[in-house]
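Record features (Swiss-Prot):
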{"type": "REGION", "residues": "1-36", "note": "region 'Disordered'"}
{"type": "TRANSMEM", "residues": "56-76", "note": "transmembrane segment"}
{"type": "TRANSMEM", "residues": "79-99", "note": "transmembrane segment"}
{"type": "TRANSMEM", "residues": "124-144", "note": "transmembrane segment"}
{"type": "TRANSMEM", "residues": "167-187", "note": "transmembrane segment"}
{"type": "TRANSMEM", "residues": "288-308", "note": "transmembrane segment"}
{"type": "TRANSMEM", "residues": "334-354", "note": "transmembrane segment"}
{"type": "TRANSMEM", "residues": "396-416", "note": "transmembrane segment"}
{"type": "TRANSMEM", "residues": "428-448", "note": "transmembrane segment"}
{"type": "TRANSMEM", "residues": "460-480", "note": "transmembrane segment"}
{"type": "TRANSMEM", "residues": "514-534", "note": "transmembrane segment"}
{"type": "TRANSMEM", "residues": "574-594", "note": "transmembrane segment"}
{"type": "TRANSMEM", "residues": "640-660", "note": "transmembrane segment"}
Amino acid sequence: MDLARRGGAAGADDEGEIERHEPAPEDMESDPAAAREKELELERVQSWREQVTLRGVVAALLIGFMYSVIVMKIALTTGLVPTLNVSAALMAFLALRGWTRVLERLGVAHRPFTRQENCVIETCAVACYTIAFGGGFGSTLLGLDKKTYELAGASPANVPGSYKDPGFGWMAGFVAAISFAGLLSLIPLRKVLVIDYKLTYPSGTATAVLINGFHTKQGDKNARMQVRGFLKYFGLSFVWSFFQWFYTGGEVCGFVQFPTFGLKAWKQTFFFDFSLTYVGAGMICSHLVNISTLLGAILSWGILWPLISKQKGEWYPANIPESSMKSLYGYKAFLCIALIMGDGTYHFFKVFGVTVKSLHQRLSRKRATNRVANGGDEMAALDDLQRDEIFSDGSFPAWAAYAGYAALTVVSAVIIPHMFRQVKWYYVIVAYVLAPLLGFANSYGTGLTDINMAYNYGKIALFIFAAWAGRDNGVIAGLAGGTLVKQLVMASADLMHDFKTGHLTMTSPRSLLVAQFIGTAMGCVVAPLTFLLFYNAFDIGNPTGYWKAPYGLIYRNMAILGVEGFSVLPRHCLALSAGFFAFAFVFSVARDVLPRKYARFVPLPMAMAVPFLVGGSFAIDMCVGSLAVFVWEKVNRKEAVFMVPAVASGLICGDGIWTFPSSILALAKIKPPICMKFTPGS
């Protein structure tokens, strides 16, 4: 699950990114609204061609590959992917600043490293690794494979042969076909959204503040501490993961199965598994997200599943395995889906209402009122004028965007039905015709609320295409069609985020668009290769193993539900699902209507949903990370503000990168020499 980019609340959708800790405004030497450092003055900005450099592309490829491995690991274990944009911007700065420092010491002439180049590298790297989770490798595409087909069990919609096993050719071709068109759909409206409407795009603004802060004297001083912190915890995390590997030579072995709170709690997945990836993720996420995941684990594994399991033989047959969708696992999956859909439904209507209201207000005003005065701050006014001029000069012909979008529509309408015979060419045409309208609504809403609704549009499309295609073709058509719509809508919103970052860092839109295309092209190759490496090396999709990949089965069951309706649900599951849908909807409403001092204690239904399938161990890991940040902020808040992202990135990257050599060892049939297992005393 990759919770979408958001600043205030986490989780309107299940595949997106988790909210992060952002630097407190009082600790930054910048105004977040303008992202302008006091030390920055009007400057000569390089042309867009000079902003896209060979060293930058190489750095983006390396960062994109590293984060693709990390994101893929998270997507195939819990599916809860944290927002890594700030971490990627930090890595881009550290890589290029380190490179230029080495050249300086060697006496080699080099071009200066600017914030514009930093922004381009971050954009390119993020575009690369976004394909790893946005492309559906841990959800919809995984839901197409034979193992997930078998786990879904026998049902009229889950017809024999309704699966497509992973392969590099069709996967790379499919994500390439659906990833580029979204970048073109809203280019003609970029000035309207960023300059005329002055949409904030909070995540894009936060990234710009960070990048601008790097390129100051104080930022350079802080960067040295961040480099040391990152390298220290990267090394610690990598060595610890390497050490743990020696003790995992069998089933249910190693520190990842350490019964921290006793064997009884361990059986209910309550233990600390020493995963530094999720400790780092917990440091990036807000305290509320982490506590919400723990509450979800307690509610599900501590209360619900033990109670429902006692109904074996009455609510569901006693002679089928618990992993069957007709057994306990069916309740786990559909109650999780109910929480996701309840939270997503509320946020869909919320963002739709906010968007319509804001557009109506803007259309009723004169255009001149859209330009806000700077309160007499002449320097700020000059900065804004320079930003607007740079952003306007880097134009991209509207006719070229329209022509490119039309050409990609035709290509996709030809290619995708060849990959999936269940997807008709007119399904693709309908998706491409509706995508610009949905993309504008989503991009506008994201600019106001920082909530990316692409995953909700994708789920709606999944149900529509599944029902439209009918029983024999519905599952495949729903999974492929939902991925298509989601990616088209998400790409345009992500590009607007990057344009906002570029506007505030005085980066040319042309260089950002080029970076997006380069990064997307790299991601279309890197993501399938990374996925296939993991898929062949590990037992992906095993409900009782480490690599649970829960969202593959969730999305397949959504498609089955779209074809068959509620008849597919186990006994009493519909009533329970309706209750949890209402629970999620009411809690989401409460977060918006209650006073701030009370609303901040209302748990997030989306974050609560994840442990329903994957267990509570990762929630404990994330709470450990949250506790570390809490203590650090109490001891030295100023240091914690700029060191937490570096330390968290080091923990995530070290543990995540170890997955790459461990998968190579697994493919080479080299097994760990020791199995450390815990059993009750005699």
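Each residue, glycine too, has its Cβ placed from N, Cα and C.
Annotation: stretch 167-187 has the most Cβ pairs under 8 Å to the transmembrane segment (428-448), among 167-187, 334-354, 460-480. Taking residue pairs at least 6 apart in sequence, the transmembrane segment (56-76) and the transmembrane segment (640-660) share three or more C-beta contacts under 8 angstroms.
Contact counts against the transmembrane segment (514-534), taken as Cβ pairs under 8 Å, peak for 124-144 among the stretches 79-99, 124-144, 334-354, 460-480. The list of residues near the transmembrane segment (334-354) in space but at least 6 beyond its ends in sequence, with Cβ under 8 angstroms from a Cβ of it, reads 11-14, 300, 304, 441, 445, 448-449, 451, 453, 455-456, 459, 550, 554, 557-558, 561, 569-570, 573, 576-585, 587-589, 592, 604-606, 608-610, 612-613. Contact between the transmembrane segment (124-144) and the transmembrane segment (56-76) is present: at least three CB pairs lie under 8 Å, with pairs separated by 6 or more positions in sequence.
When Cβ-Cβ distances under 8 Å to the transmembrane segment (167-187) are tallied for each of 56-76, 79-99, 396-416, 460-480, the top count falls to 396-416.
For the transmembrane segment (396-416), same-chain residues at least 6 beyond its ends with a Cβ under 8 Å from one of its own Cβ atoms are 173-174, 177-178, 180-181, 184-185, 187-188, 423, 425, 428-429, 432, 436, 480, 484, 509-510, 513. Beyond its flanks by at least six residues, the transmembrane segment (460-480) meets 136, 140-141, 143-144, 156-159, 162-164, 174, 416, 419-424, 427, 431, 486, 555-556, 558-564 of its own chain at Cβ-Cβ distances under 8 Å.
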